[in-house]
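Q: Here you go, one structure.
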Amino acid sequence: MFTYIKEIEEAWQIKDKLLQDSVKLSAFKKTLQDVIENLNKGTIRVCEKQNSSWQVNDWVKKAILLYFMTTESQLYNNNYNSWYDKVAPKFPFDAELNKFKEAGIRKVPGSFVRTGTYIAKNVVIMPSFINIGAYIDEGTMIDTWATIGSCAQIGKNCHISGGTGIGGVLEPLQAKPVIIEDNCFIGARSEIAEGVIVEEGAVVSMGVFIGASTKIVYRDSGEIIYGIVPACSVVVPGVLPNKEADKPGLYCAVIVKQVDKNTRAKVSINELLRS
């Protein structure tokens, strides 16, 4: 690992000259390919939780950006589509049955996963798009027309509902991607972006839009927070009224309740949202 970090950091310092040195570039491409393969395996991650805090491995982002910079686009095609891109699909079109059995996933027609993405066992991928650097942990469903942005981190046993957008980020290097922790539900057509963290067990209703500057309001106390959906919260869309009655209110996300983990495990999503 240290060797990768050292090579990536050194290459980053001379990235503008890298393409001019064919010998050095050829050797370095092997390092980049190794990093991409380790992203595929989940042994390297863009972002990791350390001591209860999420830390960005910015050298991995640099590796992905260098991969884009040093890779030539090529033509890809299958039986019904063609495209021209620098990033190969994670699952080749001629992939054999054993590859999917070994992965332990379910992947339906219309789904697209770029290489450099980790997909854990028992993940279900409906027709959706998962970008490079993303990490999808065990037992999660990525539902129809959901998009998972570059480097986004999705935990275990999550449901990312139909049409949901989970934002990613490659630049700035220090910025966190969107992080959805274990056992979360993100409702249909919601959008979580700009490095927001949805903590474990949270339930986000349909049609909720949360970015870094979105006000997240506790309904009971009126307290306003930003950038984090607290663990086991139930969140719905809302409006903060204007103090002046003739002026428009502003959109917000509202925490209508928080439940303990035992209740969250026993009670259905619909019950939480409707009660």
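Placed from the backbone N, Cα and C atoms, the Cβ positions cover glycine too.
Sharing the record's features from Swiss-Prot:
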- R106, D143: substrate binding site (BINDING)
Q: What are the sequence-distant neighbours of R106 (substrate binding site), meaning same chain, six or more residues apart, C-beta distance under 8 angstroms?
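A: Spatial neighbours, sequence-distant, of R106 (substrate binding site): V123, V124, I125.
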Q: Take the Cβ of D143 (substrate binding site) and count every other Cβ within 10 Å, whichever protein chain it belongs to.
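A: If we count other Cβ atoms within 10 Å of D143 (substrate binding site), we arrive at 18.
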Q: Can you tell me whether DSSP puts R106 (substrate binding site) in helix, strand or coil?
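A: The residue in question, R106 (substrate binding site), is strand (DSSP, three-state).
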